[in-house]
Structures are given as structure tokens and as C-alpha cells.
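Record features (Swiss-Prot):
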ACT_SITE  CYS381  active site, nucleophile
ACT_SITE  HIS508  active site
ACT_SITE  GLU510  active site
BINDING   SER13, LYS188, THR189, LYS190, PRO191, THR192, GLN193, LYS224  UTP binding site
BINDING   SER13, ASP148, ILE149, GLU150, LYS188, THR189, LYS190, PRO191, THR192, GLN193, LYS224  CTP binding site
BINDING   SER14, ILE15, GLY16, LYS17, GLY18, ILE19, ASP71, ALA242  ATP binding site
BINDING   ASP71, GLU141  Mg(2+) binding site
BINDING   GLY354, LEU382, GLY383, MET384, GLN385, GLU405, ARG463  L-glutamine binding site
DOMAIN    299-535  domain 'Glutamine amidotransferase type-1'
REGION    1-267  region 'Amidoligase domain'
REGION    536-555  region 'Disordered'
Amino acid sequence: MTKFVFVTGGVVSSIGKGIVAASLGRLLKSRNYSVSILKLDPYINVDPGTMSPFQHGEVFVTDDGAETDLDLGHYERFTDTAMSRLNSVTTGSIYQSVLNKERRGDYEGGTVQVIPHITNEIKDRIKRVAKQATPDVLIIEIGGTVGDIESLPFLEAIRQFRKDVGRDNILYTHVTLMPWIPAAGEMKTKPTQHSVKELRSIGIQPDILVCRCDRPLSEGIKEKVSEFCDVPVEAVITSQDASSIYAVPLILEQEGLAQQVLKFMHLEQRRPDLTQWQALVHQLDHPSQTIEIALVGKYVQLSDAYLSVVESLQHAAVAQGIAVQIRWVNSEEIEAHGPDRYLADAAGIIVPGGFGIRGVDGKIAAIQYARDNQVPFLGLCLGMQCAVIEWARHIAGLEDANSAEFNPETRNPVINLLPEQQDVVDLGGTMRLGLYPCRLLPDTLASRLYPQETIVYERHRHRYEFNNAFRPLFLESGYVVSGTSPDGRLVEMIELPSHPFFIATQFHPEFRSRPNDPHPLFAGLVGACLADNGNNANHHDSTPAEPLVSEPLSS
């Protein structure tokens, strides 16, 4: 039978529940236990697909086309296990399902209430993942902070779940903050005590406490927390701040988190194999050199908006023994001041995805800069569409070329709506979403980057596509369409053979990169930057860059 581990958070938001859940998944998988992870989000949106990146960060897309929280990206990268739409649940999706049942008459005229109807729906979603994925352990992260009104139905549901599946099959882990007060010169346990008190008032007694802190917990502090929170002292786990999120599983392993989970759930204690993970973290901490790659976007004020792109660059860099420092470039600044001041000396340039016309001209200018100056370039989704517009305007002779998204009246819509999107009105969940095949053209850069493949599978999230009416003109002017849908109808990849490394994709390769298995396109970009003789590269051999992920861990 599947065992269930619930991960809650207290004191503050963004405390790192998602990283703790993903790290526990990694530790259990290293012991040959199968794992799946479910995120319960308390917001009323049905999914994050229509939310602003500034509000929510990146929207992570699964193989089956679900638009989900960025934590699912952490789950996939840490456990190397594909998630599905079942692994992401929001308050909005719960209420939508319950109201649909009410409209159909499923409740036979009964009064629909939070308890039992909403809580039962939440429990059913948890059981659905366990039934479909059949993992040895299902980890469930509850978004938000204990004490928030939005989380109450989820907390009540997981309280009831203990009775449904039996006490031996369930474990509650609470992630909390243990702040150091410099003026007092000591660590304070009171926030943790109050957070546990709040959780107990709901009827949940945590079995394990994971304490976020900036220094190790002393034995005295652990004893105090154990006494006041009624948790075994060995189940008070230190989660000290780390230079990289990938170091967190090793910290939690050293603290004995996995051993405590297995002990509580009466599962066999197995020896972990973390050899590859340890090598990954060692390489992260000891790069031979650092290169700087410019990421040109319009959401750069919030790096989480491009989280999977940043992580994919890091995976590719580690595999080649180096580090990558991101130069965050706001495309609107390029529009105002030109590309030279922002892109000079960058080893490479990435233009990632996005929506809307704001900042697009800056992205196009950055792409022209990369093309003219032979700087290695990778375009993703909107980045490919901007590359198409740039070529059309400056090489193919279509000076007014544009995307129908930005100018529906343009005479030369080199980017146009997909045929199946013509009559779509709703924005949420209606794009081309999920995993689709892409056929590679032989003897191209794309085919060299995927050397063993003729058909590759990548994840999509877009409504607009290359307009085939202009394909002959592009081919005649030197463009190469190196990847298409298997029927040849949809353009998925373009490249410039006259350039050292210029390739762009309609899909999102960043969603399939893994720490120990970097995506070929990102590996190719980093390799091209290293191969550059230094004309564009900015190397710092003696002083490594700051870690790519130095922000507080996302919840």
C-alpha cells in the first residue's frame, strides 16, 4: 500500500517546502523506493496558466499538457520522474469539480458544503494519484502557510486522511523557520512553537520538524524544540541555507530525514546511492571557470519567471565542468538604449518565452545583435518567433513583417495563429500544450545536438506558429527549418548554418532538462560559448560567479 507524507509550512511563506518535498523524494528514490509528489495550491485560479509571471513565477508544463506550479519542475528534476496533471491541484479546480457535480445533480439535492464535499474532493485527488502512479511513497506538499484561511480546507482534508488510510500509513512533516537574532546572539524557537501550536489546533500533530536556519541547530535547541513541540529530538531536522538547491538533499540526508520517515512508516531502511548527486554538488562548488550568458526577457525582475531556463543552463554547465552566470537583461531597456551596452562581451544570448507585445522589439534587437556579431544564440518559443520576425525584416525583405499576436492587421504575418486556435475565445488551458513529436532534418545542427534521434519529443506552450505561406521565402534566403511536426506541417526548429551556433525552437526544452542529464540544446549552447575564442566570451577563471540560484528557496 502507498504511504503518504504530508509537507506543511509555517511562520513565513517561501520557506522551502517544495525543495524539502523534492529532496525527500530524491532521498527515497536513492533507496529504490518509487515516489510521486503532489502539490495542493490554495489559490482559487483553476491553474496558473493565465497568472502573471510576476505574481506566480514560471508556469511549468507537464507531458500531458497541464499548466502547473513551478514546484512540479523541482519535483521532476530532483526525482527524475515525470509528473502529470494529477500532480497539481488548486482550490479553483476543486471547487470547479464540486460545482460541476452539483449542477449535474450528483449530490441529489443535498446542501453542498466545505465539509464534507470540498474535503472529500481533496482526498479523492490524493487517492487518484496514488492509484494511477502506485508509488511506494506519495509526498503531498500543501501550499501556503499554516494559519492562512485559504489553506484550511486542505489541512482539514489531510487531518481526516489519517483516519481514512490508517495512522501507520501517514506522516506529517512541518517546515518552519528558526531565526537567528543578532542583537540577542541566539536562535529563537518561539516562532516554531507557535506554528506547531496553530497546526495542533487544527488537529494535526507533526511527526517531523524541518527547521530552516542560517546555521546549524545546537543539541540544546533541538532538545528544546522536541520538548515544546512533542516531536522526538532525532526528528528535529536542520535545513541550513545552502549555496545551491541541489545541496539540500545531502544536508537532509546527513540530518537523517529519510531514516526518520522510513522509521515512522515502518519501511525497510535501505542504503542510499547518492554517488551521482554528490558528484553533481561537488562540481557545482568547484567549476573550472565561469562564463556569462545574457538572458533577454521582460520578466527579469523575478528570476523565478525563467526558473527552468536557469536550471537548464546550470545542468549544462556542470556537465562541462564550468559555471554559468546569468546576465539579466530587460528587453525594454534594449528598446530604450540599444543592445550594445547590455550584450557586449556576453558569451551567449538566450531569448526565452513570453506573451504580449511589450518588450518584443528589444528581443528582436538582441537577436539581430547575436546574428550580426556571431554570438551563440538559443531562442525558446517566443524567442523563435522573434528570430523569424528579425530575419523577415532584415534579410528576407519584409520590413513590416510581424506576428499576428502583436499586429493582427500586418500584411506579412510570418507568425500566425495555429489553425485550431482560430475560433478559440477562452485563454486558460486552450493553447497547444504538452508533449509532441518533432522530426529532425538530417545534416543540421539540430540533428547533431540530438545525435541518436530522428524523432524527439518536447513540451509545448503556445498559440501562434510559423506561417507556412512564408516558408519558401525563408528557405530561399538561407534559413534552415531543421525540425518539424512528423507530417511536416508545423515548424518546430529553425537555425542558421552560416552562424557558429544559432538555433531556436517553438517548444520549451527547459522543461525536460535534468541535473544529471542536461538537455542537448542547452548543452550545445554552453559548448558553443566555450568553443568561442573569447571574441564575445567573458571569462572569470579565478573568481567563480555567484550561484545561479541564490534567492530564498521557493515554497
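Each residue, glycine too, has its Cβ placed from N, Cα and C.
Here the features listed in Swiss-Prot are painted onto the structure.
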residue	record	Cβ contacts under 8 Å, 6 or more apart
GLU141	Mg(2+) binding site	VAL7, LYS17, GLY18, ALA21, ILE37, LEU38, LYS39, LEU40, ASP71
GLN193	UTP binding site	VAL225, PHE228, CYS229
GLY354	L-glutamine binding site	GLY297, LYS298, TYR299, CYS381, LEU382
GLY383	L-glutamine binding site	ILE350, VAL351, PRO352, GLY353, LYS363, ILE367, ALA504
MET384	L-glutamine binding site	PHE466, MET493, ILE494, ALA504, THR505, GLN506
GLN385	L-glutamine binding site	SER403, ILE415, TYR464, PHE466, GLN506
GLU405	L-glutamine binding site	PHE355, GLY356, ILE357, ILE415, LEU417, ARG463, TYR464
HIS508	active site	VAL61, SER308, GLY353, LEU380, CYS381, GLU458, ARG459, HIS460, ARG461
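Cβ contacts within 10 Å of LYS17 (ATP binding site), excluding its own Cβ and spanning all protein chains shown: 28. The binding-site residues considered are GLY16, GLY18, PRO191; of these, PRO191 has the fewest other C-beta atoms within 10 angstroms of its C-beta.
Within 10 Å of the C-beta of LYS188 (UTP binding site) there are 14 other C-beta atoms, taking all protein chains into account. In three-state terms derived from DSSP, MET384 (L-glutamine binding site) belongs to a helical segment. Between the alpha carbons (Cα) of GLY16 (ATP binding site) and THR192 (UTP binding site) lies a span of roughly 15 Å. Taking SER14, ILE149, ALA242, GLU510 as the recorded positions under consideration, the smallest Cα distance to LYS190 (UTP binding site) is found for SER14. Listed in sequence order, the residues GLY353, PHE355, CYS381, CYS386, SER403, ILE415, HIS462, TYR464 complete the 8 Å Cβ shell around the L-glutamine site centroid, once GLY354, LEU382, GLY383, MET384, GLN385, GLU405, ARG463 themselves are left out. Cα to Cα, ILE149 (CTP binding site) and SER13 (UTP binding site) are separated by 14 Å.
For the binding-site residues shown (LYS190, LYS224, ARG463), fewest C-beta neighbours within 10 angstroms: LYS190. Comparing CA positions across the binding-site residues LYS188, THR189, THR192, LYS224, the one lying closest to ILE19 (ATP binding site) turns out to be THR192. Closest in space to LYS188 (UTP binding site), of the recorded positions given as ILE15, ALA242, GLU510, is ILE15, taking the CA atom of each residue. There are 23 other CB atoms within 10 A of the CB of ILE15 (ATP binding site), with all protein chains counted. DSSP assigns GLU141 (Mg(2+) binding site) to a strand.
Nearest neighbour of THR192 (UTP binding site) by Cα distance, taken over the binding-site residues SER14, ILE15, ALA242: ILE15. Here the candidates are the recorded positions THR189, PRO191, LYS224, GLU510, and by Cα distance the one nearest ILE15 (ATP binding site) turns out to be PRO191.
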